[in-house]
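*Asks:* Before anything else, here's the structure in question.
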Number of protein chains: 2
Amino acid sequence: MYDRIKGFRDVYPDEMAARRRTIDTIEETARQYGFREIETPALERAAMWTDKSGDDIVDELYSFEDQGGRHVTLTPELTPTVARMVVAKQQELSKPIKWFSTRPFWRYEQVQQGRQREFYQTNVDIFGSSEPEADAEILAWAADAMTGLGLDAADFDFRISHRDILGGVLETYDADIDTEAAIRAVDKSDKIPRAEYHDLLVGAGLTAEQAEEFDDLIAAGDLEAVEEFASTERVTDAVENLRNVLEAAEDFGVREYCTISLETARGLDYYTGIVFECFDSAGEVSRSIFGGGRYDDLIEQFGGQPTPAVGVAPGHATLSLLLQRADVWPEEAVQTDYYVLQVGDTRSEAARITRALRDRGHVVETDIAGRSFGAQLEYADSINAETTVIVGEQDLANDEVTIKEMESGDQVQAPVEEFPGDLKRPTAADFS
Amino acid sequence: MYDRIKGFRDVYPDEMAARRRTIDTIEETARQYGFREIETPALERAAMWTDKSGDDIVDELYSFEDQGGRHVTLTPELTPTVARMVVAKQQELSKPIKWFSTRPFWRYEQVQQGRQREFYQTNVDIFGSSEPEADAEILAWAADAMTGLGLDAADFDFRISHRDILGGVLETYDADIDTEAAIRAVDKSDKIPRAEYHDLLVGAGLTAEQAEEFDDLIAAGDLEAVEEFASTERVTDAVENLRNVLEAAEDFGVREYCTISLETARGLDYYTGIVFECFDSAGEVSRSIFGGGRYDDLIEQFGGQPTPAVGVAPGHATLSLLLQRADVWPEEAVQTDYYVLQVGDTRSEAARITRALRDRGHVVETDIAGRSFGAQLEYADSINAETTVIVGEQDLANDEVTIKEMESGDQVQAPVEEFPGDLKRPTAADFS
C-alpha cells in the first residue's frame, strides 16, 4: 500500500546482524583510540552549505523551509556540524578533541550500487593538533578498523598525498591557471581517458606541453622529483609534512597500508593538507571506499579560533562492498543461544528457565504464540537457536527438562532444579 | 556563526557517555529477549500519516516535497514504517516477528523539558501473536530494561488497561456518544480539572449524571465492578484478556510493576487491545515516561494479511528524566584506561605500548600534539585516565617506563620489555 522512497533502505534482521557486527568493530576500534562518541542533529541550517555555493553538495541537498520559516537541510555530511560544535564550546573543550559518531546522512543523488540517498558513515575527527602524529593517528585508526573487520594489507590501500603538492606545483607554472579546476581534473584523472584529462588541464590554463609534463610528474609520485621540479617553500613544506606523516604512520604500525599517490586530491574544497583515499587493492570495487584529510581552515571560517583539524569518514555502503569482495562480510543471519520450548501447560517453569538464561546474558526466546511442538521447533530453527530446552508436562512430572543441541541433534534429560543451576552456558554435554 | 536549530541538540562526549550506557543497557536487554535489530529510513511518504488525517501528528510533521516531486516527511514515529516492512515481506518472515531499533524521530512541537523536536526512542515490537504472552513479553522487556538501568519497583509503574473496556462501557450507554472523543477525554483526565473532564465527556454525548458514573467506575479500576456494570461480550472479553496478560506477567516475573488503570487510553488511534503507560511512581516527572500497546489492525490497514501486533517505544528524553530523578543516571564523564605520556623523542616506544594496550581492548590515548609533560598530564586528567604510562628518554636509557596510578598517585618503574607483557590490565601494583 505504501512503498518506501527510492534510495532509502529497509534493513531486516539478517542483514542487520552483519551490519551491526561491522559497526561494532569500527566503533570499538575508535573507542580504543580514545575517540569519544557524540550525537548530532539530522537537520541544520541550509546556509551551512549554501553559503559556500559552487559546492557540488548543494544540488543534492534535501532542504526545505520548516514550520517556523527556517531554511533547513537534512545533513549531507558531518564535518560542518562538528566544526559548529567545536566553535560553540571552544573554550571548555580540552584539546586535542577526538570525536566519533555513526549515523545516516542524506543526499539526493543518482542511486547505484553502494550509493543510496540515505547512507551511513562513521566520522572520526581530531581537532587541535597540527602535528603529523594526528594525521597518522587517523590513518592508523582507519587501518586498524579495516584489519579488525578481517581485511589485510593485500585487500586495501590508502592513497595519500598533500593538497599543497598539486597546488604548489601548479603555481610554479608561469601561466594564469585555475588551480581548483586543475585539482578537480586530477581528482577525476583515474576515472576518465587520458586525453580528456589533458583537455581539462588545458581548460584550467596549462599548455598542452605543460599538461603532459604535469601529468607525468604527478603520476610518477616521486617526492624527490617533485621537490626538484618545484622547489618553492610551499612544495617543500608539503613534501616534508607528507614524509613526516608517513614516518609517524611507520611508528604507529600502519605504514604498509599507505601508498604515496599525488593524484589523490579529494574533491571537497575544505581540505588543506594531507588527503587520502582508501581503495580496493584488487580493483573490483572501482570507486574510492572512503577518504579523509586535513582541514585546518574550517573552524576559523565558522567563526572559531584557528584550530587545525583532520578526519576520516568511512561510508558503510562502499565498505561493505569491499568486505564482500574480500569475503570477510559477516554472515547475514540472526543468532540465538537458547529456545525454550513449551509442551502443554508449562509456561511458569519455562519462564523461570528463560529468565535465568537471559540473566546469564544469553539471547533466549520462548513461545509467546501458543504454538505446537513442531511449529516451535521450526521457529527455533529459523532463528538459528543453538540449544533448545524442551519443557514438557511429562518431563516436568519427573522433575526433568530435555536439552537438545540443534546442530548435532544430541539430546539429554536434565534435572529441572539443576537447570541452569550454576552453569554459565549449559549444553546437553553438561548432563550426558 | 551558525547556530543549531531550536529543538535539536548537540550531545558532547561527557553527556554521550551516560546516554550510550543507557542505550546499551536497553538494547542488550532487547537482544536477550530475542528482539532483532532493524534499520529504517528517516524519510517516508507523508501520506503514511496524512491519509489518516485528524491525527494530532499531522500538524507536527516535518514534511516537504523532494527533488523528485515526492511528498515526504521526516518520520515522527516508527510504527507505520515497521508495519510497511512487515507487509513488504510478510510471506518470508517467520512469526512471531520480534524487532527493535534505536533512532531519532522528528516532530515540530513545543520545545520543553524532556521534549525536543528531534528525539530518540527504542522501538520494540512483536508481530504475529495475539496471545497474552506477547503483551506480557513487551511488559517484561520494558520492566527488565528499567531495572537494568538501576530503577526498582518503587520508582516506576506500568498503568495498564484494555482499549475495549472504555469503548465497551461507553457503548452500553443508550446515547449517541462520540467514543473517540470520550476516550481522548479519559486520556487527558489526569492532566485537567475534574470539571473540565466531565464537560468533555458531556461534549462527547454523555449526560452529566452518566459522566459522573462513568468517571467513578473508571477511576476505581475494579475489573469486577466493570463486568457487573457492562456485561457485554466486548467488555468481558477485554477484562479477561487484561487478566490473562497480567497472569502471564506474573509468570514472567514483572507483575509487581503493573497497576490496572482504566484511565490509560493512549491517544493514538491505532491501538486495539492492551494499552499501558509507564509513570514515575514518585510523581516528580509529571508526564508519562513512555507507552505502548496492541495494534492488531494496522498491518491489515497497510494492505497486509491480518497480523496481530504489540509494541512499546521508550523515549530516551523522558526516561533520562526518570533516571535522574531516581539518582541512577550514569555519570556524565568519559573514561580512559591509559594515557601513554611521551617525554622527549620516545614516539616509537610509546606507540608500541599504546598499540599493545589497545590490542588488549583498553581505551588508550597518547600524545599526538607535541605537548609538554605538564600539558600531557593535564590532558590525561581531563579524560579521566586511570593509569598513565610515562615513556621518558632517561627511563628508556635504563630500559624502564614509569607507571602512575592517577587517583592514588602511586608510581613505580617497570622494565620496558615487561610492559605490558602478558598482563591483561597492568597497573603500578603489578610492578611494585
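Every residue gets a Cβ built from N, Cα and C, even glycine.
Curation does not apply to TrEMBL; its annotations are automatic.
In case it helps, TrEMBL gives these features for our protein:
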type	residues	note
BINDING	A:Glu77, A:Leu78, A:Thr79, A:Arg107, A:Gln121, A:Asp125, A:Arg266, A:Tyr270, A:Tyr271	L-histidine binding site
COMPBIAS	A:421-432	compositional bias 'Basic and acidic residues'
DOMAIN	A:1-432	domain 'Aminoacyl-transfer RNA synthetases class-II family profile'
REGION	A:408-432	region 'Disordered'
*Asks:* Under a three-state reduction of DSSP output, how is A:Thr79 (L-histidine binding site) classified: helix, strand, or coil?
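*Replies:* Assignment for A:Thr79 (L-histidine binding site) reads helix.
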*Asks:* Using Cβ atoms only, which residues of the same chain lie under 8 Å from A:Glu77 (L-histidine binding site) while being at least 6 residues apart in sequence?
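*Replies:* Result: A:Ile57, A:Phe105, A:Gln121, A:Ala313.
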*Asks:* Among A:Glu77, A:Leu78, A:Thr79, A:Arg107, A:Gln121, A:Asp125, A:Arg266, A:Tyr270, A:Tyr271, recorded L-histidine binders, what is the largest CA to CA distance in Å?
*Replies:* 21
*Asks:* At a 10 A cut-off on CB-CB distances, which of the binding-site residues A:Thr79, A:Gln121 has the highest count?
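*Replies:* Of the binding-site residues A:Thr79, A:Gln121, the highest Cβ count within 10 Å belongs to A:Gln121.
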*Asks:* Within the compositional bias 'Basic and acidic residues' (A:421-432), how many residues are helix, strand or coil going by DSSP?
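*Replies:* Output for the compositional bias 'Basic and acidic residues' (A:421-432) reads 4 helix, 0 strand, 8 coil.
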*Asks:* In terms of DSSP three-state secondary structure, what is the assignment for A:Gln121 (L-histidine binding site)?
*Replies:* strand
*Asks:* Return the residues near A:Arg266 (L-histidine binding site) by Cβ distance under 8 Å, restricted to its own chain and a separation of at least 6 in sequence.
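*Replies:* The answer is A:Arg163, A:Asp187, A:Val275, A:Glu277, A:Gly291, A:Gly293.
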*Asks:* Tell me the Cβ contacts of A:Tyr271 (L-histidine binding site) under 8 Å, same chain only and six or more apart in sequence, or just say none.
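*Replies:* A:Tyr271 (L-histidine binding site) has long-range Cβ partners A:Arg163, A:Gly293, A:Arg294, A:Tyr295.
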*Asks:* Across the domain 'Aminoacyl-transfer RNA synthetases class-II family profile' (A:1-432), what does the mean pLDDT come to, as a whole number?
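*Replies:* PLDDT averaged over the stretch: 95.
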*Asks:* Under a three-state reduction of DSSP output, how is A:Arg266 (L-histidine binding site) classified: helix, strand, or coil?
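*Replies:* Note: A:Arg266 (L-histidine binding site) is coil by DSSP, not helix or strand.
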